[in-house]
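*Asks:* The structure follows.
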Amino acid sequence: MSFTPGKQSSSRASSGNRAGNGILKWADQSDQSSNFQTRGRRAQPKQTATSQPAGGNVVPYYSWFSGITQFQKGKEFQFAEGQGVPIAPGIPATEAKGYWYRHNRRSFKTADGNQRQLLPRWYFYYLGTGPHAKAQYGTNIDGVFWVANKQADVNTPADVVDRDPSSDEAIPTRFPPGTVLPQGYYIEGSGRSVPNSRSTSRASSRASSAGSRNRSNSGTRTPTSGVTSDMADQIASLVLAKLGKDATKPQQVTKQTAKEVRQKILNKPRQKRSPNKQCTVQQCFGKRGPNQNFGGAEMLKLGTSDPQFPILAELAPTAGAFFFGSRLELAKVQNLSGNFDEPQKDVYELRYNGAIRFDSTLPGFETIMKVLNENLNAYQQQDDGTNMSPKPQRQRGQQKGGENEDVSVAAPKSRVQQNKSRELTAEDISLVKQMDDPLTEDNSEM
């Protein structure tokens, strides 16, 4: 008796002929039924594991379940023993055995002209079906991860028919309670396991266009089973509209908002503060010195907003490494905060001493070393306001360029201010004599 996922057990005997391509055919099933929906178009040959292009844009065979897509690089696809078989109505626990097959998807060209490879997607096939139908359970095959229920016999193939995409839709992948999903992966919720298949893509495009016409004509919304790519933006726009904010206008940071952000950061405990443009490093933790010796001029202004900070954050220890990998010491200190008339609180310091070890194999090692060398003890070379020592003031009357020190800095405005003597000309002497002559009365008659 063959089992069909999502349906009750079939009453037909399992004496059907299994073709070489892995599709189960009954004695009364003709080959013409497969071309029923071609509408005069030439039938496309079925892709197999051997004929799959190197780009990986064709999924060989059809899985009964939706795929699991990787979204973080470097994460291994694995399940614990006894886990990893999807739930399917009509499939007993004794037939819950098979493998996950890695489908390497195609690459695409980005806007800047570079090629970007999509992360792989995994599909489940029951034991004895799919691209590795003849492989024994547990065989070491690249891109294959074997899973089985504890009640299943892995020495015999699963008595499950292959999926016919023309009559059976893929089942959304679900697991029993307690199953731990691989980290860095998510389950596809579209309900299709062959997104690049021509038949399913045409059917989905026709269905989506018909659905859009129906929605436009009726004015009602039809719920969809998939998650659209712009759903996050739509939700954000609805939230902003509810709050009375326009999502299209850029948010401007005013002095009032910057002050509120700074005060919000300063209200946190010292070890929970994250300096940024609105609340600088000096405002959060004080001036640089021997005990706080990290940060160049640019990083002190931007804080964690500095473009170089994320790569440094990779070196930061976790909470577990901080407590279990450091030397800790608890000390009671004097409370210098608060007024004298307020009740004094007991203040303690949890002092720590540890080290962060890394080597040249760390990704971005050269950049990390460059940033560390630029910011460690940078306060000793700084001449701006972040330096511990004030900027030396120039002495009064002193100029740059090695000029005479007795020369005034400001140029005199007139010869009177210069207070310098000069020789009298003949005209000046004549005027002086006229001023010295006594006044004589003029008795001439008019």
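Backbone N, Cα and C define each Cβ position, glycine as well.
Straight out of Swiss-Prot:
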BINDING   Arg105, Arg121, Arg163  RNA binding site
COMPBIAS  9-22  compositional bias 'Low complexity'
COMPBIAS  29-38  compositional bias 'Polar residues'
COMPBIAS  45-54  compositional bias 'Polar residues'
COMPBIAS  195-226  compositional bias 'Low complexity'
COMPBIAS  265-275  compositional bias 'Basic residues'
DOMAIN    60-189  domain 'CoV N NTD'
DOMAIN    258-383  domain 'CoV N CTD'
MOD_RES   Ser166  phosphoserine
MOD_RES   Thr173  phosphothreonine
MOD_RES   Ser190  phosphoserine
MOD_RES   Ser389  phosphoserine
MOD_RES   Ser421  phosphoserine
MOD_RES   Thr425  phosphothreonine
REGION    1-54  region 'Disordered'
REGION    157-230  region 'Disordered'
REGION    265-290  region 'Disordered'
REGION    265-384  region 'Dimerization'
REGION    381-446  region 'Disordered'
*Asks:* Given the RNA binding site residues Arg105, Arg121, Arg163 in the record, what is the largest Cα to Cα distance, rounded to whole Å?
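*Replies:* Taking every pair of listed residues, the largest Cα separation comes to 21 Å.
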*Asks:* How long is the line from the C-alpha of Arg121 (RNA binding site) to the C-alpha of Thr173 (phosphothreonine), rounded to the nearest angstrom?
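*Replies:* About 13 Å separate the Cα atoms of these two residues.
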*Asks:* In three-state terms from DSSP, label Ser166 (phosphoserine) for me.
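*Replies:* Looking at the DSSP assignment, Ser166 (phosphoserine) belongs to neither helix nor strand, so coil.
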*Asks:* Given a 10 Å Cβ-Cβ cut-off, pick out the one of the modified residues Ser166, Thr173, Thr425 that has the most other Cβ atoms nearby.
*Replies:* Thr173
*Asks:* Could you give the Cα-Cα distance between Thr173 (phosphothreonine) and Arg163 (RNA binding site), in whole Å?
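*Replies:* Rounded to the nearest whole number, the Cα-Cα distance is 15 Å.
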*Asks:* Can you tell me whether DSSP puts Arg121 (RNA binding site) in helix, strand or coil?
*Replies:* strand
*Asks:* Spatially, and counting Cα to Cα, which of the recorded positions is closest to Thr425 (phosphothreonine)? Options: Arg105, Arg163, Ser166.
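*Replies:* Closest candidate to Thr425 (phosphothreonine), judged by Cα separation, is Arg105.
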*Asks:* Using a 10 Å radius around each Cβ and all protein chains in view, which of these binding-site residues has the most neighbours: Arg105, Arg121, Arg163?
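*Replies:* Result of the Cβ crowding comparison: Arg163.
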*Asks:* If you average pLDDT over the domain 'CoV N NTD' (60-189), what do you get?
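*Replies:* Reported value for the domain 'CoV N NTD' (60-189) is a mean pLDDT of 88.
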